Amino acid sequence: MKLRALLLSFGIWLLGSPIIQAQPATTPRYRNLVMEGGGIRGIAYGGALLELEQRGVLAGLTRVGGTSAGAIQAALLAVGYSAQEIIDVVNATPVQRLNDGRFIFFGGTHRLVKEYGWYRGDEFSTYLGELVARKTKNAHLTLGELHALAQKEPTRFRDLYTTGTNLTQQRVQVFSHETTPTMRVADAVRISMSIPLYFRAVLLDAKNKVITGTPAPSQPVQVLVDGGLLANYPIDLFDYPRYLAAGTAAAPDAHGHVFNPETLGLRLDRAEQIPLDGAPAGRQQLAPYDITDFNTYMGALYTVALENLNPVQPADWQRTISIDFLNFSPKIKRISDAQKKQLMDSGRKGAQAFLVRQQAQR
């Protein structure tokens, strides 16, 4: 019971709690974009995307991917939302609507024990389906159908890749038109943001079909939760030969990976960490954490656990835009319009700093 209470407390804490004028792009052509998970901090991505869009950096994207909060914004990009439209969606999203479920206390306790999450997460799936329908006229659009749209209208739609943590198989699982073409876009994102203990886990059958209701007694079940557990910043999503530009030769490593210079990543970091990450050799250490109270203690614990579970390779920093999350907690909670603007401005500044640094290296 003590362990269960501790895990519940940690899960609830985790989720409760001058602009440069746009210029023509002078950066390498990117075809892939990956966004890290980060809870409410992910609001900052709107500003970064707006800066990149105005610089022409997003124009060549054919694939977008991400985890948790990053998967949400990746999905919006994939189905045709512009950066400004994503900002508008973020500003209008009723965060409190996402904490769903009848009889919050007693119902939440039952769901936690039986379904591995306090809140249902159904409202999120419905809401994302509504957003998908605004651009595609189909709230139940599948990853395969999105791929067909991207093939037909590549300047409007993009392929989507999201990550989930398969607790049953103890591994990261990627959802895309290549792996799960019949899965709904909304379900792929719902899996990726299924924060353990907070949102109900998503159950899949042996063929990766979402199980609704109670599984049959003999039915094989896979339990899926937030991709951020094992792949919070999946910058290597497209580090395979099949994703390289035509005519590009690269020798895969022992795991079949190659470095893809056409991938750009967005990630969220502490202000103290960003200078260390921007060093020529990339990150060599985590920045010290000043612990003064319970919140900073939990923040330090969250950081060291997540960063060591999701290490970034030295070469990845040259394709990573680091964004200062301004000491905001990742907790899912309502924040003011002024706070949203602060995060978006920080995202924009992070993109600007990356582009300036990249230009200086040319």
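Positions of Cβ are set from backbone N, Cα and C atoms, glycine also.
All TrEMBL annotations are machine predictions without curation.
Features as listed in TrEMBL:
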ACT_SITE  Ser68  active site, nucleophile
ACT_SITE  Asp226  active site, proton acceptor
DOMAIN    33-239  domain 'PNPLA'
MOTIF     37-42  motif 'GXGXXG'
MOTIF     66-70  motif 'GXSXG'
SIGNAL    1-22  signal peptide
Note: in the chain of the residue listed as 'active site, nucleophile', residues six or more apart in sequence with C-beta under 8 angstroms of its C-beta are Gly37, Gly38, Gly39, Gly42, Ser192, Met193, Ile195, Asp226, Gly227, Gly228, Asn232
For the motif 'GXSXG' (66-70), the DSSP residue counts stand at 2 helix, 1 strand, 2 coil
